[in-house]
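Following: one structure in structure tokens, then a few remarks.
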């Protein structure tokens with residue numbers, strides 16, 4: 001079975017895979033068809049086609065990372081301009097986690113009913129509104145509302161993108177392409193750190209709109225997940241989508257049959273999965289693995305470092321704390337890039353062990369913590385979560401696992417308070433020592 005450019009009139013055979021037919025994406029077919037003909041030769045190479053799709057949806061994790069990195073270079077300016085206390089700014093920094101937890105709960109069902117592309121388009125709306133609210137904030141109320149909306153969108157993105165990548169990637173590229181999700185998060189963090197050196201916090205919030213805006217446009221030109229289309233019973237669209245992803249000259253018969261066996265041949269398009277169904281061992285075991293890894297990712301304390309790295313460097317006596325923070329972002333991108341290259345070569349387990357042991361033994365060295373986090377605990381939990389969950393429970397179980405990740409991200413809120421307490425304690429101990437002398 002293959003999907004070839006046979007020169008049919010108006011390029012109709014080449015148009016369909018780029019638009020999720022059967023939904024409101026149909027309206028984009030005319031706009032996208034004009035460029036598809038010129039892209040046909042490039043898309044004959046399946047690896048190029050998949051990579052282009054991954055790079056487009058990677059704008060979602062870049063938005064995710066930008067949200068994480070925003071609070072570090074803007075802390076002093078926001079506190080000064082809006083007269084916030086440290087506790088209020090800590091709340092601002094962590095409200096994205098609250099919103100993300102709510103978004104994670106909804107993400108599975110949204111992705112099941114609207115498709116992976118539809119889910120990402122929906123996620124873009126609260127992100128854009130949230131950044132605008134922050135940019136025009138005159139008091140803490142607008143600031144907090146914007147952060148909550150941002151978080152809601154990020155919660156949907158954090159589930160949907162790893163699942164989409166896992167569902168479109170060939171087996172031999174799944175690890176490498178899956179790690180691009182976390183690599184993109186680190187790029188988003190680095191961009192927030194970098195741009196924060198040159199623009200004020202309001203302008204930085206406006207720039208935060210760009211990733212989701214570009215993502216929304218790009219989604220019109222990539223195929224929907226073939227596995228989701230197969231599950232929904234859209235057989236023709238599913239085969240067309242898979243053909244684009246694998247290349248027009250590739251025989252996809254074996255993979256089509258494999259996907260059909262995986263999702264089942266039931267004509268039912270949407271089956272309701274209940275919480276009681278998760279009690280079966282075939283479901284609860286991979287769910288517990290996914291939850292465990294994502295919880296461990298958050299309890300490593302990485303958010304406290306990334307959210308407030310500028311303040312950490314400042315307290316350490318570094319005058320150019322924002323420049324040092326940008327350097328930390330570059331280190332994280334490079335370390336995650338190494339993981340992207342190693343993931344399919346070294347395996348998930350080995351990198352997770354190295355990551356956990358390395359973070360434990362070098363917890364006092366901030367750069368080392370970030371490097372070892374990026375080697376394993378950063379990218380791999382999302383990859384494994386998207387791989388191990390059976391397709392028929394992925395929506396519900398994936399939402400639960402993603403929610404657990406955001407639920408345990410409380411370290412981002414508690415970090416400034418803990419830092420202040422420890423700093424005061426250190427001063428008190430120093431004063432007592434001086435008195436005793």
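A Cβ is built for glycine as well, from the same backbone N, Cα and C atoms used for every other residue.
Per TrEMBL, the stretch carrying the note transmembrane segment among 25-43, 177-195, 234-252 is 177-195.
Nonlocal intrachain contacts for the transmembrane segment (48-66), taken as residues 6+ away from its ends with a CB within less than 8 angstroms of a stretch CB, comprise 42, 120, 123, 127, 153-154, 157-158, 160-161, 164-165, 168-170, 173, 177, 180-192, 208, 211-212, 214-215, 218-219, 221-223, 244-247. The average pLDDT computed over the domain 'Major facilitator superfamily (MFS) profile' (53-437) stands at 81.
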